Amino acid sequence: MPHFIDLGVNVDHVATLRQARRGQEPDPITAASLAEQGGADGITFHLREDRRHISDRDVELFVQTVQVRTNFELACAADVLAICCRVQPDWALLVPESREEVTTEGGLDVAGDSGRIADAIQMLKDAGIATSLFLDPEPNQIEAAAKLQVDAVELHTGPYALARGAAVQHELRRLADTGKMIRDAGMRLHAGHGLNYVNVRPVAAIDGMAELNIGHSIVSRSVMVGMREAVAEMRRLLDSVTIAAQ
């Protein structure tokens, strides 16, 4: 069955578990292979400036061994940009980054910092890498991204994932409205952050959604059922949305 919504699996937290003992296992490269077997359409990994989980060696091995699309998540930092341009993943996702944060806490401020981001985008484009931006579902940010002519925008779904009660529908509407802006501007619509097996279907059902990137919930589930099955379960959820829409 065709995968009308692509599933990108973020394997960062396999590396987080490895780093808890500063050892060699679990191996995120093996996890990526198992995710592919479970139905992942892409593998996402974030090489942070502090190298808290994914390592430079991991990045090299992902690009060399992953058979589906590779999605290199990074900040606009010169050394990491240079690594990305050298290893040439299929996609680069630019995100904000703070050493104090536990995980990415919000989208890029493209509207307020377009110069630095534009320079990073140009470097990536010159290297032949498709580019996307991680943005909050705010119209001014989408308008700024459209001017930079990126290939995709990944909407930050964290506020939706944390919402309760009536706020859930409010956040879904924000995602749907800005998603339409993204598609109308000719960019590919992606989304991610905080999505799990309970809350993913309404986001997957947003008109024109092309790709969801999901990490922590899949890695958490994999502790119980294995990576291949954890990814397959998420794949079935996304496929059920596609079937319902037909």
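The backbone N, Cα and C atoms fix where each Cβ goes, glycine too.
Record features, source Swiss-Prot:
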- ASN10, ARG21, GLY194, GLY215, HIS216: 3-amino-2-oxopropyl phosphate binding site (BINDING)
- ASP12, HIS13, ARG48, HIS53, THR103: 1-deoxy-D-xylulose 5-phosphate binding site (BINDING)
- HIS46: active site, proton acceptor (ACT_SITE)
- GLU73: active site, proton acceptor (ACT_SITE)
- GLU154: site 'Transition state stabilizer' (SITE)
- HIS193: active site, proton donor (ACT_SITE)
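Overlay of Swiss-Prot feature records on the structure.
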residue	record	DSSP class
ASN10	3-amino-2-oxopropyl phosphate binding site	strand
ARG21	3-amino-2-oxopropyl phosphate binding site	coil
HIS46	active site, proton acceptor	strand
HIS53	1-deoxy-D-xylulose 5-phosphate binding site	coil
GLU73	active site, proton acceptor	strand
GLU154	site 'Transition state stabilizer'	strand
HIS193	active site, proton donor	coil
HIS216	3-amino-2-oxopropyl phosphate binding site	helix
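Within 10 Å of the Cα of ASP12 (1-deoxy-D-xylulose 5-phosphate binding site), the following recorded positions from the list ARG21, GLU154, GLY194, GLY215 place their own Cα: GLY215. Ranking the binding-site residues GLY194, GLY215 by C-beta neighbours within 10 Å puts GLY215 at the top. Geometry remark: ARG48 (1-deoxy-D-xylulose 5-phosphate binding site) versus GLU73 (active site, proton acceptor), CA distance 8 Å. Measuring Cα to Cα from HIS53 (1-deoxy-D-xylulose 5-phosphate binding site), the recorded positions that fall within 10 Å are HIS46, out of HIS46, GLU73, GLU154, GLY194. Between the alpha carbons (Cα) of HIS46 (active site, proton acceptor) and HIS13 (1-deoxy-D-xylulose 5-phosphate binding site) lies a span of roughly 10 Å. Reported as a whole number, the C-alpha separation between HIS193 (active site, proton donor) and HIS216 (3-amino-2-oxopropyl phosphate binding site) equals 9 Å.
Nearest by CA distance to GLY215 (3-amino-2-oxopropyl phosphate binding site), out of the recorded positions HIS13, GLU73, GLU154, is HIS13. Across the residues annotated as binding 3-amino-2-oxopropyl phosphate (ASN10, ARG21, GLY194, GLY215, HIS216), the widest Cα-Cα separation comes to 25 Å.
Here the C-alpha separation of ARG21 (3-amino-2-oxopropyl phosphate binding site) and HIS13 (1-deoxy-D-xylulose 5-phosphate binding site) works out to 13 Å. Shown are the recorded positions ARG21, HIS46, ARG48, HIS53, HIS193; of these, the residue with the fewest other Cβ atoms within 10 Å is ARG21. Across the structure, HIS216 (3-amino-2-oxopropyl phosphate binding site) and HIS13 (1-deoxy-D-xylulose 5-phosphate binding site) place their CA atoms 6 angstrom apart.
The binding-site residues considered are HIS13, HIS216; of these, HIS216 has the fewest other C-beta atoms within 10 angstroms of its C-beta.
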